[in-house]
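Asker: Okay, here's the structure, questions in a sec.
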Amino acid sequence: MWMDRPDRYGLVSRLLHWTMAYLLIWQFLVIVTWRLFGDRDWVTTVTSLGPGHGTVGLLVIGLVVIRAIWALVHRKRRPVQSQSVSGRAAVAVHVSFYVLMFTIPGLALLRAYGSGKGWEPWIPASGVEVSWMMTPAHLLHGLLAWCLSILIAGHVIMALVHQLRWRDQTLGRMTVRLDKSGATGERPLKHATPNPAPKQASKQRRG
């Protein structure tokens, strides 16, 4: 249940996956809302219902490290991607996810320290501005974030294609997979039927 298996991911992997999915989707929804509607009262109210921009980044960078370690430790137990072109492309996309999810918030944290202002309570204010720490985030943070959003959109589309068109249960590896009987992947119990008495034996009793 908790551990990964060759046919599906365990509960730990699923919790990490869906927690990070929620954080990233929330992050991009907040960004798009701010871009479309600006600094309005209702926007501030709605976006305050979830974690802030910097908090999401810090949580993601922590979770991606945990998830990478978990995947490395359980690499021999996890579902194996095929060696086809699509399988190798899926591996490349997942590696890109890990790199981007670490790099994007990492650049922002580096910029927060380099600005000298810090970010309470996580990064102390030094009062000294270091330009080389700020430049990479100025150049790449937004660009890489939109690259990540494109990867996420493609990932969702392909998951739906696997589930709805190819029906190969790829999505079921990371969710609760249901079979036709409605059970969670377990075979339904067969009701035992009593063996009918042989006709010959009944005839002998009558005689």
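Every residue gets a Cβ built from N, Cα and C, even glycine.
Computed from a predicted structure; not experimentally measured.
Below are the features listed in TrEMBL for this protein:
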DOMAIN    8-175  domain 'Cytochrome b561 bacterial/Ni-hydrogenase'
REGION    182-207  region 'Disordered'
TRANSMEM  12-34  transmembrane segment
TRANSMEM  54-73  transmembrane segment
TRANSMEM  85-110  transmembrane segment
TRANSMEM  143-164  transmembrane segment
Asker: So what's near the transmembrane segment (12-34) in sequence-distant terms, Cβ-Cβ under 8 Å and 6+ beyond its ends?
Answerer: 2-4, 43, 46-47, 50-51, 53, 56-57, 59-60, 63-64, 66-67, 70-71, 74, 78, 101, 145, 148-149, 152, 174-175
Asker: Note the mean pLDDT of the domain 'Cytochrome b561 bacterial/Ni-hydrogenase' (8-175), expressed as a whole number.
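Answerer: Across the residues of the domain 'Cytochrome b561 bacterial/Ni-hydrogenase' (8-175) the model's pLDDT averages 94 on the 0 to 100 scale.
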